[in-house]
Amino acid sequence: MKIVEVRHPLVQHKLGLMRRADNNTKTFRELSAEVATLLTYEATSDLETEDAQVEGWAGPVSVRRIKGRKITLVPILRAGLGMLPGVLELIPAAKVSVVGIRRDEASLAPLPYYENLVGGMQDRIALILDPMLATGGTLIATVSMLKAAGATRIKGLFLVAAPEGLRALETAHPDVEVYTAAIDERLNEKGYILPGLGDAGDKIFGTRVV
Ligand SMILES: O=P(O)(O)OC[C@H]1O[C@H](OP(=O)(O)OP(=O)(O)O)[C@H](O)[C@@H]1O
Ligand SMILES: O=c1cc[nH]c(=O)[nH]1
Ligand SMILES: [Mg+2]
């Protein structure tokens with residue numbers, strides 16, 4: 001399975017700022033979007049391009065343009081919405097497929113509650129957005145949903161991933177590519193990533209600070 005831990009200095013610096021316990025909602029939200037932009041740059045580095053000609057200021061110019069499959073962004077509600085503005089900075093025309101899944105706090109099982117996918121999934125690259133890949137249950141459920149709709153090329157962007165979740169994904173869907181700013185140490189007894197970021201959804205939406 002392709003797993004890319006993005007070591008770019010800007011990513012590492014911004015993730016380091018995100019780990020501070022004293023961030024306010026505005027700071028955490030801004031940093032989520034900024035790191036998402038940088039992960040997008042990395043995750044799209046293998047898009048196919050083709051030759052084209054445009055009319056330049058001094059006549060025709062040969063240029064390169066992106067060819068082939070269109071992208072759909074797949075933010076997982078709610079926390080994935082925090083990454084969406086940053087990804088749209090680089091792919092402003094992308095169609096957005098929204099998936100709603102939350103974890104049951106006791107069992108950690110994924111509970112799907114919303115699905116609104118764009119059409120033509122078989123012809124698209126799906127870019128899943130979620131700040132946290134913990135047990136992997138939410139991601140695996142999302143990938144299954146996308147595959148059931150016809151998706152064959154799926155990448156996931158995460159601010160932080162746990163080794164447990166990566167292993168679970170490898171067993172369930174080894175064809176999915178993962179781009180993350182950090183592979184952290186482990187999960188705690190409540191399924192939170194250590195050292196992690198705490199509850200990313202609560203921090204992005206300002207509902208509770210853990
Ligand atoms: O890998 P997993 O163990 O499945 O956990 C990861 C999921 O948990 C969090 O969502 P949460 O359930 O807190 O929902 P929220 O985004 O609405 O806060 C996070 O944003 C992921 O979607
Ligand atoms: O560490 C974690 C795990 C799941 N969800 C979060 O928001 N944080
Ligand atoms: Mg949450």
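All positions are counted from 1 along the displayed chain.
Placed from the backbone N, Cα and C atoms, the Cβ positions cover glycine too.
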From ASP22, ASP199, the one annotated by TrEMBL with ARG78, ARG103, ASP130, PRO131, MET132, LEU133, ALA134, THR135, GLY136, GLY137, THR138 for 5-phospho-alpha-D-ribose 1-diphosphate:
ASP199
Count of other CB atoms lying within 10 Å of the CB belonging to THR138 (5-phospho-alpha-D-ribose 1-diphosphate binding site):
26
Just checking: which of ALA134, GLY136, THR138 have a Cα that is within 10 Å of the Cα of ALA200 (uracil binding site), counting only these binding-site residues?
none
Relative to the Cβ position of ASP199 (uracil binding site), how many further Cβ atoms are located within 10 Å?
17
Binding-site residues near ALA134 (5-phospho-alpha-D-ribose 1-diphosphate binding site) (Cα-Cα within 10 Å), from ILE193, GLY198, ASP199:
ILE193
For ARG78 (5-phospho-alpha-D-ribose 1-diphosphate binding site), write down the residues of its own chain that are at least 6 apart in sequence and whose Cβ falls under 8 Å from its Cβ; none is a fine answer.
GLY100, ARG102, GLY201, ILE204, PHE205
Separation of alpha carbons, ASP199 (uracil binding site) and ASP130 (5-phospho-alpha-D-ribose 1-diphosphate binding site) (Å):
12
